[in-house]
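So TrEMBL lists the following for this protein:
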- 18-39: transmembrane segment (TRANSMEM)
- 92-113: transmembrane segment (TRANSMEM)
- 125-158: transmembrane segment (TRANSMEM)
- 173-201: transmembrane segment (TRANSMEM)
- 221-245: transmembrane segment (TRANSMEM)
- 310-330: transmembrane segment (TRANSMEM)
- 342-360: transmembrane segment (TRANSMEM)
Amino acid sequence: MTLSTPLPASKSENLPGAVYALIAPLMALALALASPAVFNDADSFWHLAAGQWIVSHGAVPTTDVFSFSAPDAVWHAHEWLTEILFAGAYKLFGWSGLAALSGLAIAGALTLVARRALRDGLTGLPLLAVMLLSLSLITPSLLVRPHLFGLLLLAFWVDRLLAARDANKAPPLWLAAVMLLWVNMHASFLLGLALVGPFALEALIEAPADKRLKIFRDWTVFGALAALLALVNPQGFHAFVYPVYVMNMKMLASIIEWRPTDFSHLGPMEIALLALIGLPLLKPVRVKPMRVLILLGLVHMALHQGRQQMVFAIVAPLLLAAPLAKVFVSREDATPARDRKIWAGALALVALMVGARLSLPIQRVDGPTAPLSALAAVPPELRAKPVLNELGFGGLLISSGVKPFIDGRTDMYGDPFWFRYEQMLGGDEKAFDAGLTQYRFEWTLLPPAAPLNKVLAARPEWKKVYGDAYAVVYARE
């Protein structure tokens, strides 16, 4: 059964639209500032160390400067600008600075999405539901890592492309300059460039015949300029190749965030898909064809690799806000002066929240990616020797001045190295002995559940130095 009239807004929707718009961004900021989970990724450590190295040396590394297993291997620190921000925030405010910086990035991204939705007429409980679902999709990726800045730039980029389409014009040329930042902050810049094509084609299809040549020329100039400016990075054209290379690595199947979305239990992605299927059965939601293709591409990405849910969470609401606004009727009478006061109050609240966080330094404690006690138990002379470590401990080792065997820069190590590492940690004695011969490991830093620990325990030349709930250390006599 199809409804022929718009769905009425709830009678409880007596709050200004800006209030509904701000709830999710403020929640995201609060999570980043208060939840220890934002540090549940070992890459935070080495991104910080990379930023500190860049600031110290006044250059962006092009070869490995951290590991002992891949000395001088080609390594492109493609997120160098974000890493410099990390280094600056840490120098000024420690880990609290990193939490605040990351929180502001994701809150900013969600605010851009919400403001676009408000301008398109979506408000009240429907807006709140969309924004909370968006936040839920992003929350697993709410980590101190450069991708949060990629999301911020993605939200701004798509919002401006939509604004250009609303005005039936090509995007202003100044917008292309965003690529100067984006390409040096996160590899998602390539998605931004790719999105220009569908919007340009949409503009061309909808334009009157006598305007199409101008539309084609203006969008082509903008796209070409954006692509040209994206070449302004330390790696040049390699920055365009890098994301494709990573996406095709076989070892991604071994990393949780790169695996297909898990539907064994109800999650936000399933809820989003059910909503996309169910809502049109109640009321036709009219979405332009090129935007449908973009949405289908985003759904495919999110199903194929779970980490892409955060991209869907940003772009999908931007594309769907206007169509959804036609389904849900708003009873709100817009009052610009009142809304300005609400946004100003929210800004003051943000300043208060961030100030409180910065005034209370975060002290890192033992965790799944931060076995601080285990590393502290390793004598300095042993730290200087080759170590076989869990990938998730590599970031801590780098930030502590210890050269790891492996860390989160898996693109640098490559597939063969990764699978060999997996064999060793999996307790394959032949693989371990071969690695021992080649790399001359003197100690290990592994999770308690790693099968290799049992192999080492059975060998008299290996002695257990330390063990707790997060890590076990063995040393060779």
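Every residue gets a Cβ built from N, Cα and C, even glycine.
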Do the transmembrane segment (125-158) and the transmembrane segment (221-245) share at least 3 Cβ pairs under 8 Å, sequence separation 6 or more?
no
Going along the chain, which residues at least six beyond the ends of the transmembrane segment (310-330) come within the CB cut-off of under 8 Å?
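Result: 6-9, 13, 17, 109, 113, 116-117, 120-124, 126, 130-131, 133-135, 137-138, 141, 147, 151, 154-155, 158-159, 162, 188, 191, 195, 269, 272, 279, 283, 285-287, 291, 294-295, 298-299, 301-302.
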Could you name the stretch, out of 92-113, 173-201, 221-245, with the greatest number of CB pairs under 8 A to the transmembrane segment (342-360)?
92-113
